[in-house]
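> OK, TrEMBL features for this one:
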BINDING   51, 52, 53, 86, 198, 249, 250  substrate binding site
SITE      159  site 'Transition state stabilizer'
ACT_SITE  239  active site, proton donor
REGION    299-326  region 'Disordered'
Ligand SMILES: CSC[C@H]1O[C@H](OP(=O)(O)O)[C@H](O)[C@@H]1O
């Protein structure tokens, strides 16, 4: 997608390194971080300089490729190290698993070149996949628009699922961008998404840069807007979907789904194939939920009075905090799933209809 009219991807490969958009500085500063080794890739993922399920998978793949340039025998330990950076998004393990499957059979001397090519293939797969997700979600917006001619389709979204959460285009926001670019009037309610405010900081920045009308709201406002008929559809991304359609996503998604269910608002989840975890059925009991640091809750980041990005304490001194980074929305609260292969019900039957090959993995 574009920054000031110039097309960009969230990760750029160059000779012997990758450049990533440092998301901890957005929207205040647009800075590209050069990553030349696996340790820097791991740190970028842990610190959320790069974030978003598909993107952390691509960065980990390139991090592994960079490690093999330095030491072709480092395949297993570096893959394990990168795989431990964040526990919830299955895309991280999917990408590393794909790399290991390709690289393990190869002579050590040929691994580095092949790893770099495979990491590039993972990135290209994500671009094509996310573009297709938008195309398969577009009819949902068109149908709503047909029922309210001349008035915008009001979409509520949570966290950031845009092009900077993927290699390009995004997942749930890919649907928004394609509807906007198709001339359908849309308006996006952007959940701020405490505690890291990926919505207020990243989604708002992305949508503004693309000219998509949007309004930032407190996380707790969504239910009220749904009660008053101001939300036509909820579109979110995900970090892991189980074979029966349970959805792990940024903390607060489950509460949005409950409000949508109570108000008969369609709740759709957009995901690429790399987010499916067929090995897991019950998301609530089986998906590991990342617990992040207390400071993300007790403090908030933003622009300080001197114009520099910084953090201030917003919780009472001495009060402890809990910071689960994700929650799981049971399939029964999900209206449907949007993928690069089409749309389906949030069920094993629905998912197998789009991914029949997964039955062989069961
Ligand atoms: C398109 S995946 C985006 C997904 O990732 C986010 O988590 P985080 O910002 O912690 O990486 C959030 O759950 C989004 O839905």
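Quick reminder: no glycine exception, Cβ is built from N, Cα and C everywhere.
Remember, TrEMBL labels are computer predictions, not curated facts.
Could you place the listed features in the three-dimensional structure?
DSSP classifies residue 86 (substrate binding site) as coil under the three-state reduction.
Cβ environment of residue 159 (site 'Transition state stabilizer'): 191, 193, 198, 199, 203, 236, 237, 249, 250, 252, 253 lie under 8 Å away, each six or more residues apart in the same chain. DSSP assigns residue 159 (site 'Transition state stabilizer') to coil, not to a helix or a strand.
Around residue 239 (active site, proton donor), taking its Cβ as the centre, 31 other Cβ atoms fall within 10 Å, counting all chains.
Sequence-distant contacts of the region 'Disordered' (299-326) (same chain, at least 6 residues past either end, Cβ-Cβ under 8 Å): 24-25, 28-29, 88, 195-197, 201, 239, 248-251, 253, 287, 289-293.
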> Within 10 Å of the Cβ of residue 249 (substrate binding site), how many other Cβ atoms can you find? Include all protein chains, please.
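Looking across every protein chain shown, the total is 29.
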> What whole-number value in Å do you get for the largest C-alpha pair distance within 51, 52, 53, 86, 198, 249, 250, the residues recorded as binding substrate?
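Farthest Cα pair among residues binding substrate: 17 Å.
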> May I have the DSSP-based helix, strand and coil counts for the residues of the region 'Disordered' (299-326)?
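Taking each residue of the region 'Disordered' (299-326) in turn, the totals are 0 helix, 12 strand, 16 coil.
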> List which of the binding-site residues 52, 53, 86 have their Cα within 10 Å of the Cα of residue 239 (active site, proton donor), in sequence order.
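Matched binding-site residues: 52, 53, sequence order.
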> So, three-state DSSP: helix, strand or coil for residue 250 (substrate binding site)?
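Assignment for residue 250 (substrate binding site) reads strand.
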